[in-house]
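Everything below concerns the one structure shown next.
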Amino acid sequence: MASKENIADNMEKFSLKSPSKKILTDSTNNVRKMSIGHEANGQLAKESSTVNGIGKSANSLMEKSVTPFDPSLEPLLRENPRRFVIFPIQYHDIWQMYKKAEASFWTVEEVDLSKDLTDWHRLKDDERHFISHVLAFFAASDGIVNENLVERFSQEVQITEARCFYGFQIAMENVHSEMYSVLIDTYIRDPHQREYLFNAIETMPAVKRKADWALSWISSKSANFGERIIAFAAVEGIFFSGSFASIFWLKKRGLMPGLTFSNELISRDEGLHCDFAVLMFQHLVQRPKRERIIEIIRDAVAIEQEFLTDALPVNLIGMNCDLMSQYIEFVADRLLVELGVGKIYNTKNPFNFMEMISLDGKTNFFEKKVGEYQRMGVVSNPLDNVFTLDADF
């Protein structure tokens, strides 16, 4: 493990040189004026004011982190001279999560988009606007998750099993980001609009708001490891949930088979990543207080609700905004239960088509049809692979 001094040096370098730090310090007044699609000046001004508000909210949330935290007391974080070798496995539950992630590997080339363009051209303008902007958010968000994994979690966590998972998660987030980029490249033929969507963090205040919240946790020097685990569980478990649900709504209508299949694969992966965050939280000795956890989750819920009911309302594709807001609260409650906090919203799932989707911190989705898409034998016991002559034919 690197010394504490080296970690401090690395964090100082991050604060000066990281691309995410540059994004965080950009003034929202410098958001470029765009005239593409539905981005009218009035809406842009409205969203910009909202972004300014969340910037202050996120910063104030960071400043509230005053709970003493000693990394040397945490088995996950203390120096581990055996971190360069994998065996013998010390944390079998963490290792099994890594093997499950490894078994679920897939590539962009395995998703067939040949039938999507026909549906794309049949969609209404509002529907195309909504889908393209959701894809723009996704394309940027996976890069932000990786920024956190590379700059913070992978450097802080010292147990080999967790490092294996984070390494594989980084690879899968790259696949997700590539998938969303390919989808945008396939559906959007206008090069100027493509550029606008690929730069969503700078061009779309609604996306910037969510990005700034996540990035502020990466760059924070006051938030402890436990709080940041909660924040990124919220990013992958709450920030993605409504957008996943909106794309599954299209599947319910029999539209865009390539988009909806990739959404199944990615939502399964993100469900597993959220599960892993919960598992890491359970291994912590110094956990954030219940009130602090609720505060972080409530903040994430408010941002996601605003995103899909105001900035990019789901009624553009025929969904009910009130039900979407309720669904986000339902997802947050399921995450809070996994964290041992208990429900605070007590809302039911309003979308029956989402019953089996792993956005709630559970891995049951991994077991259903799309979850069977896994590498053969990766999660099985090697001792089960025995040659025999007494098999029935």
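Note that Cβ sites are derived from N, Cα and C of the backbone, with glycine treated the same way.
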The Fe cation 2 site in Swiss-Prot includes GLU236, GLU270, HIS273. Which of GLU156, GLU161, GLU173, GLU338 is also listed there?
-> GLU173
Fe cation 1 site partner of GLU173, HIS176 according to Swiss-Prot, chosen from ASP142, ASP185, ASP190, is ASP142
State the count of C-beta atoms found within 10 angstroms of the C-beta of HIS176 (Fe cation 1 binding site), not counting that atom itself.
-> 23
Measuring Cα to Cα, how many angstrom lie between GLU236 (Fe cation 2 binding site) and ASP142 (Fe cation 1 binding site)?
-> 9
How many neighbouring Cβ atoms, not counting its own, are there within 10 Å of the Cβ of HIS273 (Fe cation 2 binding site)?
-> 24
Which residues does ASP142 (Fe cation 1 binding site) neighbour through Cβ under 8 Å, counting only same-chain ones at least six apart?
-> GLU173, ASN174, HIS176, SER177, TYR180
